[in-house]
Structure formats: structure tokens, C-alpha cells
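*Asks:* This is the structure I want to talk about, given as C-alpha cells.
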Amino acid sequence: MTEKIVLAYSGGLDTSVAIPWLKDKGYEVIAVVLNVGQPNADFDAIQQKALNVGALDSIVVDAQDEFADHYVAPVIKANALYEGDYPLVSALSRPLIIEHLVKIAHAQNATAIAHGSTGKGNDQVRFEAAIHALDPEMKIEAPIRDFHWSREEEIDYAKEHNVPVPIGKKSPYSIDANLWGRANEAGILENPWNQAPDDAWGMTVSPEAAPDDPTFIDLTFKQGVPVALNDEPMALATMIKELNKLAGDNGIGRIDKIENRLVGIKSREVYEAPAAAVIMAAHHDLENLTLERDVQHFKPTIEDKITNMIYEAQWISPLFDALMAFIDKTQAVVNGTVKMKLYKGNATAVARKSAHNSLYDEDLATYTSADSFDQEAAAGFIKLWTLPTTVFEQVNHVHSEEKQHD
């Protein structure tokens with residue numbers, strides 16, 4: 001009996017050439033594509049393309065709301081930016097994709113799962129770590145990695161097997177996109193001294209071409225998650241789409257960086273994440289207003305670990321669950337509205353309010369006659385605050401001269 005294999009399918013070059021390759025190995029291929037909000041994607045065409053190049057069946061799963069509510073929302077609450085700027089665009093969708101692929105594999109009595117990742121990328125680890133966690137007995141095929149294709153060889157193989165090739169050898173970008181953003185690599189971008197050309201960007205205008213007048217928006221959060229845009233309640237997936245357009249039109253969300261990959265190499269990545277740039281900036285600003293100081297100062301330690309765990313394929317782990325429980329606890333008070341100014345590549349918080357959770361007390365902060373802060377208590381506080389270092393210094397005189405006594 002012919003074995004069935006479930007392929008994580010995107011419609012792109014890597015996963016399209018995987019279909020005839022897997023068929024040559026004797027598998028019946030079931031292509032599965034997840035709709036996680038890929039901009040401008042024609043899922044009917046993608047589904048048909050898989051069938052045209054030889055898949056036994058082609059399945060489309062609409063997972064946009066699931067992706068936003070269960071994968072994007074946690075990274076918003078955790079301010080998760082890998083190496084300080086990358087909002088984990090591709091890394092976020094991988095465990096969700098595998099969760100659905102494993103379910104479909106079980107339903108279809110498939111014995112294997114395939115992906116189109118290369119041996120140099122992070123996604124091979126993310127896909128296979130999730131498969132091992134969810135079903136250790138499931139076989140794994142990785143044709144692009146295991147056959148050692150170069151990009152040029154892959155294009156030639158595609159043409160030999162009648163797989164449509166929408167790119168050329170001179171500019172073979174590799175693009176991955178979802179609700180949360182767009183990742184672009186390869187081609188001219190592989191030389192870090194080459195500036196990203198205009199055609200490398202797909203969700204944003206250049207900041208120079210953005211409108212000369214700023215756009216102002218209000219983002220309302222409930223327990224750390226945005227729930228309304230300009231006072232209009234909406235699902236998170238819908239809001240992200242709206243903000244991708246608004247922020248993208250203002251040139252916001254471009255990231256051009258050298259990134260440390262999980263597999264140990266540095267890579268040049270070009271990302272666009274317009275909605276993420278706005279939401280993350282607004283969320284961080286609201287935390288400044290609502291989080292107690294010690295919590296606010298300690299939280300980045302947990303955020304950094306969570307961010308690295310997501311990037312490094314450790315979403316499915318007890319430590320990740322425990323750390324997210326801490327994050328969720330902190331977000332109970334992150335309720336309020338932030339006014340954002342979108343202008344020529346910048347998303348800036350210009351006002352904020354929280355009716356029930358603001359820790360800002362104007363009477364304490366003011367320098368006017370309405371000041372209620374007890375300034376006379378400051379001298380005693382300072383003396384007690386510095387007592388440990390004062391005693392140490394007077395005993396050891398590391399930074400001071402010892403007084404001579406007669």
C-alpha cells in the first residue's frame with residue numbers, strides 16, 4: 001500500500017518542487033496550506049497549483065483568528081522582539097502549521113510529514129521540533145535540505161518537472177508572509193553591502209514617499225491585547241490587517257538586519273511588520289503607565305527568554321508555558337488606550353490613558369502648587385537608601401580617601 005505524506009505547502013518554489021520529488025520517492029502527497037493572513041494570497045490558486053503539480057489532495061485551512069489569538073497575542077503581551085527588533089514573523093506560524101499537519105496526518109492515515117525548509121534555515125528546526133513533540137513516531141521528509149539543491153538547481157528541477165517558476169535566477173527572493181509581517185531573503189540581499197532595492201519591499205512605502213501629514217490612531221488594550229481601533233471593537237486578526245495598511249502607507253515597519261540564526265550562522269534579513277511596529281510600541285507605552293516598577297523592571301528578563309524560546313523552536317515546552325503564565329499575570333492591569341502618531345516610518349506614542357489601572361498620579365508628579373509629594377521625606381529616604389554603600393565605602397575607601405584622625 002502506498003504511503004501518504006502530508007506536506008506543509010505554501011505555493012512557493014520550495015514546496016512546489018517537493019511534490020514531484022516526494023512522488024518519485026513513492027509517496028501520495030497531501031498538500032496542506034494554512035491561511036495565516038498572507039497578504040494578497042490567492043488560496044484557491046495555491047490549492048489548485050498543488051494539484052496541478054501532482055498532489056493527491058490539496059487542503060486549505062483558514063487559521064487567521066487562531067493564529068492571531070493564540071500565537072500573536074502572546075508575543076504582544078511579552079513584547080517579543082528577537083535581538084531587539086524582529087517580531088518573530090515566521091517563527092510564530094510554524095508550531096501552528098505543524099499542529100494542523102499532525103491532525104490531518106492522523107485523519108488521513110499518513111505516515112510522514114514533509115516541509116520545504118533548507119538546511120541553513122531556522123524553520124527546519126521549528127517544524128521538526130514540533131513534529132517530534134506532537135507525534136514522535138511520525139516520519140519526516142525534508143527534500144530541499146536533504147537533496148542539497150542550490151537555488152539555481154531547484155529552479156532547473158522545477159522547469160524539468162513542469163512546476164511554474166514565478167522568479168528568475170537573477171533575483172530569486174525567498175519570501176514568507178503572514179498576518180504579522182513579511183520576511184524576504186536571498187538574491188541580491190545576500191550581500192549585506194547591497195541596499196535592499198524597491199522590489200524587495202511588499203507591505204510598505206518608503207518613508208520618503210509617505211504622506212507629509214501624520215496619521216493619528218487610538219489603540220485600546222484589554223489585559224495586554226489590543227481590542228479596539230479608534231474606539232471600534234474588532235477581532236485581533238482584523239485589526240492587524242487594518243494596521244498593516246495604515247502603518248504600511250506611512251512607511252512604518254521596515255527592518256533590514258543581520259540576524260543570528262539558530263543553526264549558528266549570520267544571515268541578512270529584510271522584514272516588514274507595519275502592524276507589529278505600531279502595536280508593540282503602543283503596548284510598551286501602556287505598560288509604562290500601568291505596571292508597578294519592580295514588575296516593569298523584571299519583566300524584560302522573562303521577555304528575552306520567551307523571545308529566544310519562540311525563535312529557537314521551544315514553543316512546546318513546560319518552561320515556555322510557565323514563563324507565559326508570569327506574563328499573563330502581569331497583563332491583568334494593562335488596560336487602557338494609547339494614541340499613536342504614524343509619520344514617515346515612525347510609530348510614536350503621543351498620549352495614553354487608563355481609567356482604572358493608571359499608576360500615574362498627577363498630584364504627585366506636578367511641579368505646581370498642587371503638588372502633594374512630601375519633599376521633606378526625601379532627605380531621610382536618601383540617607384537610608386545609600387546607607388549600605390556609605391558603610392562599605394567608609395570601611396574600604398575604594399573611591400575615597402581615608403580621613404586621618406589625630
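Glycine is treated like the rest: Cβ placed from N, Cα and C.
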*Asks:* Among G116, G119, G121, G181, which residue does Swiss-Prot annotate as binding ATP at the site that also has A8, Y9, S10, G11, G12, L13, D14, T15, S16?
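*Replies:* So the ATP site in Swiss-Prot includes A8, Y9, S10, G11, G12, L13, D14, T15, S16 plus, from the candidates G116, G119, G121, G181, G116.
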*Asks:* Taking Swiss-Prot at its word that N122, R126, S174, E259, Y271 bind L-citrulline, choose the one of Y86, Y157 listed for that site.
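*Replies:* For the L-citrulline site that includes N122, R126, S174, E259, Y271, Swiss-Prot also lists Y86.
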*Asks:* Work out the three-state DSSP category of G12 (ATP binding site).
*Replies:* coil
*Asks:* Distance between D123 (L-aspartate binding site) and S10 (ATP binding site) at the Cα atoms, whole Å?
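*Replies:* About 13 Å separate the Cα atoms of these two residues.
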*Asks:* So among Y86, T118, N122, all listed as binding-site residues, which is physically nearest to S10 (ATP binding site)? Use the C-alpha atoms.
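*Replies:* Of the binding-site residues Y86, T118, N122, T118 has its Cα closest to that of S10 (ATP binding site).
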*Asks:* Write down the Cα-Cα distance for Y271 (L-citrulline binding site) and D14 (ATP binding site), rounded and given in Å.
*Replies:* 20
*Asks:* Whose Cβ lies within 8 Å of the mean position of the Cβ atoms of A8, Y9, S10, G11, G12, L13, D14, T15, S16, G116, the ATP site, other than those residues?
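*Replies:* Here the nearby residues are A18.
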*Asks:* What residue among the binding-site residues D123, E259 has the most other CB atoms lying within 10 A of its CB?
*Replies:* D123
